[in-house]
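As structure tokens, the structure follows; a few thoughts come after it.
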Amino acid sequence: MFFILWWTRMHHYMYRLSIFVTTFRCFRITRKELHTSLHFSVCVSVQDAAKATPQGYNHKKGVSLWTYGGRQIITADKYMDLMEAMQPDWYEALNDADPGIGSSKKRILNSTTSSMEYLKQCITLHKASQKLKGSALFAPLLGGRSEKARNGWSKSLMSTTVDKSAISGYTIVGLHTNGPEVEDLQPVNVSNIVKASLEPLAAELPRQTAGMWNPLTVLQLAHLGVDIFDSTFPFLVTERRGALTFPFRLNRRQNDGAYSKGSCLEHQNKKLKVSEDSPKAKAEEEVPRQDNKIRESEDEELSSPYEINMKNKSNVSLMKPLLEGCECYTCKNFTRAYVHHLTIANELLAPVLLMMHNLHHWMDFFSSIREAIKTDRLEDLQTLITTSVFESNEDITLS
């Protein structure tokens, strides 16, 4: 699966569009060098972080990948052939990160045993490949939900049995089974196993984890020492037609007044509301109000406190950008009313404009994280987001 990545501190982000390709290479890059690097690059992960991964389908013959054509069993040799074809900036070694909550010790042992074999095969093929000289290999950190197993796995990566010269970083896998449910995963449920995975590792190499982590969880994991995160969050927010609006600027408040550069927003003077005499308007009048309330309720359930729902009828006549003060292309050229119109009409332009905004917002968020880390204000950033979004930060603290 292709991803595009953006670094934070050292933190780096990934997104799923292969069109944002850069010539940047992170081969053997250190954590200290990340903050001087470009903010995104192309990578490949074993599973798609945006879709829930079915469990219980991996075995000794290989790892199950879930493609548009169905289930495919892939071996280390086949996997590395694909890496040579794609030549990403970095890629995750093939692994069996299937064990989740409630997995037995035997299942976890089988997972680590097979994953170690895959890793060694990937390292051997990586070093022998001329096409992958500019690509970085990241070793997986796994062990299910067992702190002991995870700590033991990480220690084994530091042992003499593994050729560490080919490893350029680490990726934490198996914390979840991917998909939208990761958004609700609480940091307290994974913090100890993340610590167990990271504690034995070499300090100079970057650490990554994928998934739909919400902004506050990103800050928690960054505090624990994770350097690279994926942008599955803004992608899935776009998929449910949301626009990110949570605050993240520590040194200056986001503009709550008139938009400085958007006084002539495109389409703001166009009549987007259907005529009262049109067949569509009359049809809408015949829909029972109770049904409208149900649909609005269902839409609200798909949203998060970090975003606005562009399906909501409250946006139908708002002649202002998605977020006041945002410098993205969407906010500088289009109104909420117009994006709402595109969303309701199921126009293909709707997710394009929303994705532009959400990626811009997400990247700016990580710029703020980098600055907060440099100035030792990560906790202040968390407080800002928590108080602004939830109006209370009693239950969320950096630990």
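All residue numbers here begin at 1 and follow the chain in the order shown.
Glycine residues also receive a Cβ, built from the backbone N, Cα and C atoms like all the rest.
Keep in mind that TrEMBL annotations are predicted by a computer and have not been checked by a curator.
The Zn(2+) binding site annotation in TrEMBL covers Cys326, Cys328, Cys331, His357.
Taken from TrEMBL, the feature compositional bias 'Basic and acidic residues' applies to 270-296.
As annotated by TrEMBL, domain 'tRNA-guanine(15) transglycosylase-like' applies to 59-383.
Annotation comment: TrEMBL describes 270-303 as region 'Disordered'.
Annotated Zn(2+) site Cys326, Cys328, Cys331, His357; additional same-chain residues within 8 Å of its Cβ mean position, judged by their own Cβ, are Pro321, Leu322, Leu323, Glu327, Tyr329, Thr330, Lys332, Met356, His360, His361.
Cβ neighbours within 10 Å of Cys331 (Zn(2+) binding site), excluding its own Cβ and spanning all shown chains: 27. Counted over every protein chain shown, other Cβ atoms within 10 Å are most numerous around Cys326 among the binding-site residues Cys326, Cys328.
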